[in-house]
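Annotated active site per TrEMBL: His409, in sequence order. Here TrEMBL flags 32-42 as compositional bias 'Polar residues'. The compositional bias 'Basic and acidic residues' feature in TrEMBL is assigned to 48-67. Annotation comment: TrEMBL describes 1-85 as region 'Disordered'. Annotated transmembrane segment per TrEMBL: 116-137, 157-178, 190-214, 246-264, 276-295, 326-344, 395-414, 420-438, 450-468, in sequence order.
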Amino acid sequence: MSDRAEMRGPVTRRRRTTISGGGGGSAGVKQANGSKWHNSPQGPAKTKTGDEASEHESKNGEVDREVGVSGQQQQLRNSPKKQRSAVEDISDRLSCHVLQESLLSSASGYSNYRGILNWCVVMLVLSNARLFLENIIKYGILVDPIQVVSLFLKDPYSWPAACLIIVSNVFILAALYAERRLAVGTISETTGLIFHIFNLTCLLVIPAATILVMTSMTPGPSVAQSNGSTVQTHVSYPGNLTHRDMYYFVFAPTLCYQLNFPRSPRIRKRFLMRRLFEMLFFTQLLVGLIQQWMVPTIQNSMKPFQEMDFGRMVERLLKLAVPNHLIWLFFFYWFFHSSMNFVAELMQFGDREFYRDWWNSETVTYFWANWNIPVHKWCLRHFYKPMLRTGINKFLAQTAVFLVSAFFHEYLVSVPLKMFRLWAFMGMMAQVPLAWFVGRFLNGNYGNAAVWMSLIIGQPVAVLMYVHDYYVIHYGSNT
C-alpha cells in the first residue's frame, strides 16, 4: 500500500518500447503504463522514481539510436546492389546532359519549321507593305478600272481579237469536215495529212498577219458558246464527228482530244459562283497592281537602260522583280484554278488536274512538266513520245520540246507588240542548260531555291528588255 501511495503523485504517463541488454544475451521488453513497470518474467515487478525512469529512458534511447544506425549500416554492407541503385538514382536526378545534335543540324532529323515559315510570311508581308506604302506616297492612286474598259469602247471598230475569234471557226470546221472525209474514205490519209498541216499553218499565220498588217476591223456577230451535254454518253469513231462534239472540245479546258471525256455528274452552283467571284476579284487586282506598281517602276527603268548604268539597272530589276512575281502568282491562280475550274464546272468536264505541286520543284524540268498540265499533256502526247518512238534520245526530245515552247512564247509576245526581238525565245532556250546544271549539281532545297530564283529574276529581265525595245522604237526619236 505504501509503495502505491508514493506513486500516486503527478507522474507523466508514458508508453514506450525499449530494448535492454539483459543477461544471457536475451533482450527483455519493458512497457511503461502509468507507474507500473513490467519487467521480464524472471524478476519481480519493481517500481522506480521519476528521476530513475528518465535516466533509464535516455539510456534506452541512445541504445535505440545506436542499434538503428548499426542496423542500417549492416543492411547496406549486406546489400551492395541496393547501395549502387541508390547512387545511380541520385545521379539520374542530377543529370541534365544527353548525347544529341542541335535542331538546325541535318543529323538531328528535325523537320518542323512551321514557325520559321510563318516568320518568312510575316516578313514578306511587311516588306511588301512598305513598298506599297512608298509607292502610294510617291505616285498617289493610279488605279483606274474604267481605263481598261474605255480602251475597248473608245474605238469599237478596232477589235481584231474579237474578229479573229469568230474567224477561227473557219479552221475548226475545216478540220471537222476533213476528218469526216477521212472517216468515209473520200480522201486518202496523205491528202488528209497535208490538209491538216495547211490548216494549222493558216491558223498560225492569218492571226499574226491580221494583227501586224491591219489597223482596224469591223466586228462580226457573236457566236453562242455550247456548254456540252449534261448526259454522259459514250461514242465511238466516227460517231464523234459532230458539231456538238467538236465545239465541246474547243471550249473544254484541255488541248488533248479523246472520244469520251470524264464528266462530272452535275454542276455545283456554289462552286461555280466562288470561281466566278475569284475571276472578277483577281482581274481587278491584277489590273490595279499593274497600273499602280509595275508601270511606274518600268517607266523609271528606261533612263538607266539608255545610259547603261549597270548599278541602277540591277536596282531597277530587283525592284521590278517583286511586283512582277506577285502578279505572276496571282495570274497563275486566276487562270489555272479559278478560270479553268469555272469553265470545267460549267461544261461538266471531270478532269480538274490543271496543275500539280510545281512549287516543290527541285529541278527545272519538274517545274515545266507540272505548272501547266494541259500544255504538258499535249507536248507529251503529240510531240515528246512520238519522237522517242522514232529512236531519238530523251535529251534531244526534251530540247525539241523546249524549242517548240520557245517558238510559241515568242509568237505570243512579238505578234501583239509588233516587233521581233527573240527575248522570250532565248529565255525559254536558256532553260535547257539551266535544267542540266540544276539536275547535275543541285538537289533538294538547293534545287528548289534555284527554280524559284529563275522564276523571280528571269521574268522581269524579259519584261524590261521588251519594254526598253518598245520604248526605243516608238518614243526614242522624241527624246
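Cβ atoms are placed via backbone N, Cα and C, with glycine included.
Proximity of the transmembrane segment (276-295) to the transmembrane segment (246-264) is not established, fewer than 3 Cβ-Cβ distances being under 8 Å for residue pairs spaced 6 or more apart. Listed as Cβ neighbours of the transmembrane segment (246-264) (distance under 8 Å, sequence separation of 6 or more from its ends, same chain) are residues 172-173, 175-176, 225-229, 232, 234-237, 240, 340, 343-345, 347-351, 354, 374-375, 377-378, 381-382. A simple way to gauge crowding: the CB of His409 (active site) has 17 other CB atoms within 10 angstroms, across all the protein chains here. Long-range neighbours of the transmembrane segment (420-438) within the same chain, counting only residues 6 or more positions beyond its ends whose Cβ lies under 8 Å from a Cβ of the stretch, are 363-365, 368, 398-399, 402-403, 405-407, 409-410, 412-414, 447, 450-451, 454, 458, 461-462, 465-466, 469.
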